[in-house]
Amino acid sequence: MTRLLPFRFDQGEQTLWLLDQRKLPFEEVWVPCRTAAEAAAGIRDMVVRGAPAIGVTAAYGMVLAHLSGEDPAEADRVLRHSRPTAVNLFYALERMKPHWGNPEASLAEARAIWEEVERTEQAISQHGAALLKGQVLTHCNTGPLATGGYGTALGAIVEAHRQGRVSHVWVDETRPYLQGARLTAYELCKAGVPATLVTDNMAAHLMSKGQVDAVIVGTDRMATNGDFANKIGTYALAVLCHYHGIPFYPALPLSSVDPKLNSGKDIPIEERSALEVTTIRGVPIAPEGFPAAHPAFDVTPHHLITGIVTEKGVLYPPFDESLPRALARGAGRQASVADS
Ligand SMILES: CSC[C@@H](O)[C@@H](O)C(=O)COP(=O)(O)O
């Protein structure tokens, strides 16, 4: 897959460059960040998004804090408050903490976090691909742009297509922010995978016609019982899969599991601006001032999941046993997640 990465770090310039995902697929514009505060703004304002990509950006944000002479505690605080739901942000910041005050060690750790994203996603892509065949539906964007690696759910889809297992992908447009229409469609074009864009309310119809063999999605935060938060609309897909007897898989690195949460009910859900619902790219689609709700994520209960695709393999129910076992086995580096 031709990977369009969401960031690059230029050591000579002491700059983290973020590809402005708000402008894709129409323009490729790179935004420079020279301080942790600028990296935090990049996360908050959705220049960069997707759970693993947010984590890597936060790690490099701490590198920038050292290079620009910011107080590491203050930089950590600002980054921690950039977005609430993806646990990878807090995971990365915990890993950076032991290196506060040491620019070289800090840079080495940020690189290690990024390399870990690449390594785990290669494994996730292989494990996920083995589960997929025929026509697959996905939601939001979980490819290289969302991670800095190969992608989680989309990595598995692209690998399954490369292996000749998947013939066609249904891409949910993902209202209201349109990550599917703008970013997943863009990435699948670049990867040469046959795909069709659908609005989020078309999934039930496709399933009833036998045109969806599996649904695979990403994850922003999973509890140790398997409940997980992902882009708003994911829960509805899981319910539809249950009704139609279609396999439903979340794909994630184990660093997206919050070891402090044993159920999804305490996952913080980001509330975003109503304007993102009442307008599309600045054009109003509702009466001016009309109230709109915008929870950016929902929580899918574990009993709707067929299997959880991780770098350690596919986990099966009961997840409150298989997940902690995988965490104990695989994540020697699983940091405690001291979030806000
Ligand atoms: C591999 S990325 C997994 C998730 O981060 C992704 O599905 C998602 O919900 C992204 O939401 P976003 O609001 O675009 O950051």
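Any Cβ shown, glycine's included, is placed from N, Cα and C.
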Arg49, Gly50, Ala51, Gln179, Asn230, Lys231 show up in TrEMBL as binding substrate; which entry in Arg8, Arg77, Arg80, Arg83 does that record put in the same site?
Arg83
Long-range neighbours only, meaning 6 or more apart in sequence with Cβ under 8 Å: which ones does Gly50 (substrate binding site) have?
Pro6, Ala86, Asn141, Thr142, Leu145, Ala146, Thr147, Gly218
Using the Cβ center of Arg49, Gly50, Ala51, Arg83, Gln179, Asn230, Lys231 as the substrate site position, which other residues in that chain lie within 8 Å, going by their Cβ?
Ile54, Thr85, Ala86, Cys140, Asn141, Ala146, Gly218, Asp220, Phe297
Determine the C-alpha span of the substrate site listed in the record, that is the greatest distance between any two of Arg49, Gly50, Ala51, Arg83, Gln179, Asn230, Lys231, in Å to the nearest whole number.
17
Secondary-structure category, per DSSP, in which Cys140 (site 'Transition state stabilizer') falls:
coil
Expected list for ligand 1 (Cβ under 6 angstroms, binding-site residues Arg83, Asn230, Lys231) reads Asn230, Lys231
Which one, from the binding-site residues Arg49, Arg83, Lys231, has the smallest tally of other C-beta atoms lying within 10 Å of its C-beta?
Arg83
